[in-house]
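Working notes, beginning with the structure itself.
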Amino acid sequence: MHLTFYVASAIAVLSTIMVITRYNLIHALLYLVVSFLAISIVFFVLGAPFVAALEIIVYAGAIVVLIIFVIMMLNLKAEAVEQEREWLTRKIFIGPALLSVVLLAELAYMILQSRTTDFNAPMLDAKAVGLSLYGPYVIGVELSGILLMAGIVGAYHLGRQKKKVVHRFLESTEE
Amino acid sequence: MKELLWLIPAWPLAGALILILGGHRMSRTLATLVGAGSVGLSALITLLIGFAFLSAPEPFDQHLWTWMAIGNFQPSFAFHLDALSMIFLFVITFVGFLIHIYSSEFMAGDEGFARFFAYLNLFVCSMLILVLADNLLLLYLGWEGVGLCSYLLIGFWYQEEKNGYAARKAFIVTRVGDTAMAIGLFILFQTFGTLHIQSLLQQAPQAWSVGDQTALLVGFLLLGGAVGKSAQLPLQTWLPDAMAGPSPVSALIHAATMVTAGVYLIARTHVIFELAPQAQLAVGIVGAVTLLLAGFSALTQNDLKRVLAYSTISQIGYMFLALGVGAWSAAIFHFMIHAFFKALLFLGAGAIILVLHHEHDMFKMGGLRHKLPVIYGTFLIGAASLAAIPLVTGGFYSKDQILWLAWAGERGNVLLYLAALFGAFITSVYTFRMVFVTFFGAEHSHVSHPVGKAMLTPLVVLAVLSTLAGFLELPHTLGHVTIFSDFLSPVLPAVNVRPDAESMELLFQVIAAVVALSGVGLAYYLYVLKPDLPSKIKEEIPGLHHLWFVGWGFDALYDTLLVRPFVYIAKVNKHDVLDKFYTGLVTVAEFFHRALAYTQSGMMRWYVMGIVIGAILMLTIGLIL
Amino acid sequence: METVPVESGLLLAGVLFMLGLISVLIRRNIIFMLISVEIMLNAAGLAFIVAGSRWAQADGQVMFIFILTMAAAEVSVGLALILQIYHQLKTLDGDMASKMKG
């Protein structure tokens, strides 16, 4: 189990690195799916089988598919990849990477500073989660429902195909 | 009946509001009806309440509402009616009503007809609040209200720059006194925890012994407020300039009512002054000095209204003198008589000035006695009263009482008496100088149009009042009538006459009568028999004449001492030094504003970068601590 | 079951979060930015699961489910916005959408 955890972690990190370095959106999404699958294994190892299943269904399934749908609707061609290559230079990595490494170092320091505790990952099955979800967290469930509703309404409203409205300012710059 | 008390100030207030809001759309008749009618209603109610008060003369309190409540400081909007405020009510509403009627003709041709009545009504309302207030804060409201109306009405013809200047001068000079008074009120509140007048008057003798330092301080501060409002030394300079306003205003505000607010204040708080003898003595000295200085200045003026203005200062000086010697009811009596005859004189002067095309210089008038017989007759009655012609005029009885008590009263003083006596002589000289120059001699200008009934009726009524009112209080030697002082005795204590002086009262009356008559005689000699003599005297003593003419140079003194340095400092400090600090703050704030505005570029990644940097900083700080 | 050190789980979450963060900072394509945000949310969820396991409580998983819900709502609205931006500006360049004034 120990080993499974580390292998899955390595796969997750590697595939995420691949995600952020791809020029092609579809390739990046495929790596993203791999990353999600690896994380789902990590969840399983940590004793959360229900969430592991949700990770696959919602993240690797629904969300990624949604993004792929949008990419299809936008009908991106080869020049999009070229564009991406043009944007994603080595130089641009330096600043953000530096900042992130500093942040990671600080996080790691804080995590490692605390007392090391090995723990036996207990199995918390769907029943336990469900009891907790519909017990003390029922208000959160209600709020999530409202949030999803808002998401649906918002997406519908924003996604409607309207007549193209180019702003005066932008129009004048394009001409 | 007494429950109607609140209506007395309410009517003029309503009139003022109606005229302010809708006056520009009203016809003149309607504006007159609202303006004069509201004060007329007040006068009517005053009359009704007066009868009720006479039959049951106990003080009456009317609590309308609590004005504000801050801790234990809870001044109420409440009125207190007693004999003192009753007399002031009568004078304010009746003289006010007569002057409103007069104004309806006097101001008939003016653009700001409704505006004039609005201000006038507001003034009457404020003055009524002043005299009815049952606590000093409400009194202060009325006090400032009349100050505001005075400012508005002096500058009524604001198109001319000098009128606006005169208005500002009046406002600022009285502000000095008002500030002193406000500080006095603070001290009173700190000491007693209340500003309710009746409680103050009850508590003061228990808290303070005679001559107490705090009482002295409060007395002087209240005196400061009183001299500001009543144009006494050293704050008298604004009143002669206040004649820039229309004549009815001069009559109502700057002669009959507002300028006597100081007298009212001191009479109202007389207990405090009795506890502070030095402050009371100061009141008397201020009055004596003022009446002399103003009298000399009045001798030299050419402007008819300025003569009357200086004479007003001088007569209020008499009232202060009376207050100073503890002759409270004599002061109030003189106030009432003075209100009648001075309003009469101002209204008469206004009528003359109006029909002579706004000619103010009395040496350009002359010989008006045949052309304007009614005005001549009433003016003569007023002047006789002012000069205290014996036996037949109200002024004689009121002034004689002051002269007598200045010498014979317990706190009386020979010097004060001599000053008052000499003042009486000067008064009769300048008064009849004015009469003879204006109405006798050769005609210098012609009368443009006759004076209407609306202006003449108030003159006649006031002439009757200024004569008859004198008989309300007659001295021991002549009839011994004490209606007035009996009426006031529950509020204001009677003055005790020194026992050794009692027998000499008749002598003093004769002296006063002789002095007044000799003053008239001198004026007759100088201005009728030998009209060339005055200018010769003038050439003999040009310096002194000029000094008197400019009111003893107080204006120049204040100009050099206060105005010029202030203007200089203002000029030097045009770009306020202290402002540098605040502009500095502004610059810094603007710098940060620009810097922050620059970060709002719309580039989403920079925002994320900002969040990351912020997170790093916070974590770092957290780790270090 | 074998033991898993809690630090390892948290470090994994941290590393994944960093990678997502770097991606957000370097990408100009808004779809990539959206994907990066998903990575970061997922990493945060992972941290919750690890903590939940450590204390043997179901709360961590409940939190993950909330995060999941939020991510779903966010991605649907975000994609709708992307569609609109693309229709309006004819580009996926996030920096082009910086003009709000006018």
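Just so you know, glycine gets a Cβ as well, placed from its N, Cα and C.
Automatic, uncurated: that is what TrEMBL annotation is.
As recorded in TrEMBL:
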- B:67-117: domain 'NADH-Ubiquinone oxidoreductase (complex I) chain 5 N-terminal' (DOMAIN)
- B:133-427: domain 'NADH:quinone oxidoreductase/Mrp antiporter transmembrane' (DOMAIN)
- B:77-101: transmembrane segment (TRANSMEM)
- B:113-132: transmembrane segment (TRANSMEM)
- B:138-158: transmembrane segment (TRANSMEM)
- B:179-201: transmembrane segment (TRANSMEM)
- B:207-228: transmembrane segment (TRANSMEM)
- B:249-267: transmembrane segment (TRANSMEM)
- B:279-300: transmembrane segment (TRANSMEM)
- B:307-329: transmembrane segment (TRANSMEM)
- B:417-442: transmembrane segment (TRANSMEM)
- B:454-472: transmembrane segment (TRANSMEM)
- B:507-527: transmembrane segment (TRANSMEM)
- B:604-624: transmembrane segment (TRANSMEM)
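Only residues 6 or more beyond the boundaries of the transmembrane segment (B:307-329), in the same chain, are considered here, and those with a CB under 8 A from a CB of the stretch are 226, 230-232, 236, 239-240, 242-243, 250, 254-255, 259-260, 262-263, 266-267, 270, 273-274, 280-292, 294-295, 297-298, 301, 335, 338, 342, 345-346, 349, 362, 386, 399, 401-402, 405-406, 409-413, 416, 419-420, 423, 426-427, 430-431, 434, 484-485, 488-489, 492-495, 551. Under the criterion of 3 or more C-beta pairs below 8 Å, with sequence separation of 6 or more, the transmembrane segment (B:507-527) and the transmembrane segment (B:417-442) qualify as touching. The transmembrane segment (B:138-158) makes contact with the transmembrane segment (B:249-267), as judged by at least three Cβ pairs under 8 Å among residues 6 or more apart in sequence. Note on the transmembrane segment (B:279-300): residues 215-216, 219-220, 222-223, 226-227, 232-233, 236, 240, 266, 272-273, 306-307, 310-311, 313-326, 406, 411, 413, 415-416, 419-420, 422-423, 426-427, 429-430, 433, 545, 548-549, 551-552 of its chain, located 6 or more positions outside it, place their CB under 8 angstroms from a CB of the stretch.
The stretches the transmembrane segment (B:454-472) and the transmembrane segment (B:77-101) are in mutual contact, each linked to the other by at least three Cβ pairs under 8 Å (pairs 6 or more apart in sequence). If one looks beyond the transmembrane segment (B:249-267) by at least 6 residues along the same chain, the residues whose Cβ comes under 8 Å of a Cβ in the stretch are 84, 88, 91-92, 95-96, 99, 102, 120, 123, 127, 130-131, 139, 143, 146, 149-150, 153-154, 156, 181, 222-223, 225-232, 239, 242-243, 273, 283, 305, 308-309, 312, 316, 319-320, 323, 328, 331-332, 335, 338-340, 342-343, 345-347, 350, 492. In the predicted model, residues of the domain 'NADH-Ubiquinone oxidoreductase (complex I) chain 5 N-terminal' (B:67-117) average a pLDDT of 86. When DSSP labels each residue, the domain 'NADH-Ubiquinone oxidoreductase (complex I) chain 5 N-terminal' (B:67-117) comes out as 29 helix, 8 strand, 14 coil, counted as helix, strand and coil in that order.
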